[in-house]
Amino acid sequence: MGHIYLKLNERLSQIWCNKYTIIILVMMVKILLFIKMLSNGFENIMDYTMENCRNIDYYYSKYVNSSPHYMGLMGNFLIQKSMEQSVALSLKSISLLVSVSENVIDFMIDLWLGTWVCLIVSAIDGSVDVATNATESVIDLVNGTVSSVADEIDDGLSGLTKVVNKVLSAVNDIQNFFKGNDDESDINDQVKKVNLTINGLRTLSIPSSIDDKLVKLSANTPDFDTVKNKTKQAIAVPFDIIRNEIKSINASKLVGDPQYLEVPAIDTSGVKICSDNKSEINEVFDTIRKVFNASTMTILIVFILAALSLIVYNAWAEWRQWIRLKRFRDQYRHQTIMLKNPFDDMADEKVPQNVDILETYHLVFNRYQSGFGRWLSRRISSKLETQRNIQWLVTYLTSSTSLTLLALGLCGILMCCVQFAIIAIISNKINGKETEKMMTSMSTAMNDTVQQGMTDWSKSANLYINDTETQINRQVFGWIQNTTDTVNGTVTDLIEDIDNAISKAFNGTILYKPMDTVMQCVIGNKLEAISTALTWVHNTAQVNLPRVNGSELYQQLQQNLTDSNSTTSSTAELPNSTSIATQLKDNLISAANKILSQYKNTVVIELIVSSVFLALYFFQIPVAGIILAAQKHKSKHNNQNRP
């Protein structure tokens, strides 16, 4: 071959495996492996989900397909028992109201009739007492006074009679003397007439039978006992009938027909939340798979282009380096020729000592580092020693060893940024609208199934309630019509009986009209009010039972479950259709986020390692400073020891 070094074409044959391309390829493989591991993790999640579809469907059917059935059983039992208890309590309340009403009516009748009797008795007894006392006083006065006066007159007239008789005897004698005895009979007749008149006055008296008539009027004052007894007996008849009817009622038979309480059958249609939504689940994972594929293709294209670009750059760099090598060779030959003394036999040994071949090599093969060092040193200082120290520091920091630390640190940080970006993209997809849309569709299907079952059950429950309401209104409150009609008739009869009693007692007297007016004010108006009240009860007595609203019941159930879950621990939460879909979504997202979190932790560790490499690179700066200080101290010490 003639030479032991590599020429340009031989160097270019190895350009594909340069260190920069190798680093790029290693980074590409690392990121591709990272993407592959993420993809495998999500594939495992999808496989696990699909493999457990049967279990998910089983628990879903237990909740959704069976819930309306068991809720219907529970609800029907509660409705039936509540209806029976409501009817029983209603009957008991009605029975109490019947007794209260009867007693109130009896009390009011006693109150009103008692008031009426009191008014009448007070008026009549007072009048009779006054009249009787006045009559007795007059009779006693008349009878006693006339007899006494007659006796006194009779005593007075006896003396007068003697005088008159003596006068009459004298007159009679004179008359007989002159005329004879013709008029003697006239004088005797006049005297006898006087005596007869006084005797008649003695026999004058007021008969005591007038007191008997007043006592009889007082005794005949009406007390309405017959009317009250008759009214109470008439009032008690319908109330007794009602009480007996209420006692004979069986509350369990009064409620509606239990056949209306339909129990939703357990749904065996095979609706499955997981199996029926495999397409949506696959769609979510397909979206994530597309992200992985797109990321893989992007990484491949970018890194392959970068590797090709570095290959081209290194080919150009190799060509430039080959030119510099040839220049270095020519420069070395030129310096050797220029420094060689043709008259000195030892010139071949002295020339290399005047040439710093290592510095020349550095200037040729580290062109950019040396150029940057010269530029930086001239900007910082004009002293030659300081400039050379700065150039040495740049050379130290840009050596292949130091640049290896810098490359590892920067490439590691770059790979971590790429991996973080991939994790962020996948996380956004998982927590994005696609997953939310899938879970919303599943939740809607579950809600529709449960709500339809609740609606069907509420319809059957309302039929049962309708039948119960009809039975109650017909068999319980239907009696009120008969009762109110009977009581109204009794009130009418009571008014007629009172009128008859007043008419019988006072008709044809001056007390009839006042007593009739008093009766109307005291009793008649109240009886008319009772009649009006009974008519109102007759028209309004009915029961209206509330109906079951399936939609409202379902919404309230969901709200109660939500409120209950918000105030209880997670282990005590009650599942509902929304929470099942949410839980499924949360489980999928949680599993995916757990994988992403694990890989994120791995990337964080890689970032820490890369940062350590970068810190080690910057640690070279104080090390270089220490070396410069040591060299300066050594140089100063050597100069002092030099003679």
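For all residues, glycine too, the Cβ spot is worked out from N, Cα and C.
Under the topological domain names given by Swiss-Prot, I15 lies across the membrane from L628. Using a 10 Å radius centred on the Cβ of N488 (N-linked glycosylation site) and all shown protein chains, the other Cβ atoms total 16. The Cβ neighbour count for N229 (N-linked glycosylation site), using a 10 Å radius over every protein chain in view, is 10. Outside the transmembrane segment (406-426) by six or more residues, the chain places 23, 27, 30-31, 34-35, 38, 42, 288, 291-292, 295, 299, 592, 596, 599-600, 603-604, 606-607, 609-617 with a CB less than 8 A from a CB of the stretch.
Here the transmembrane segment (22-42) has Cβ contacts under 8 Å with residues 285, 288-289, 292, 295-296, 299-300, 303-304, 306-307, 310, 407, 411, 414-415, 418-419, 422-423, 426, 592, 595-596, 599, 603 of the same chain, all six or more residues outside its ends. N488 (N-linked glycosylation site) and N466 (N-linked glycosylation site) are 31 Å apart (CA-CA, integer value).
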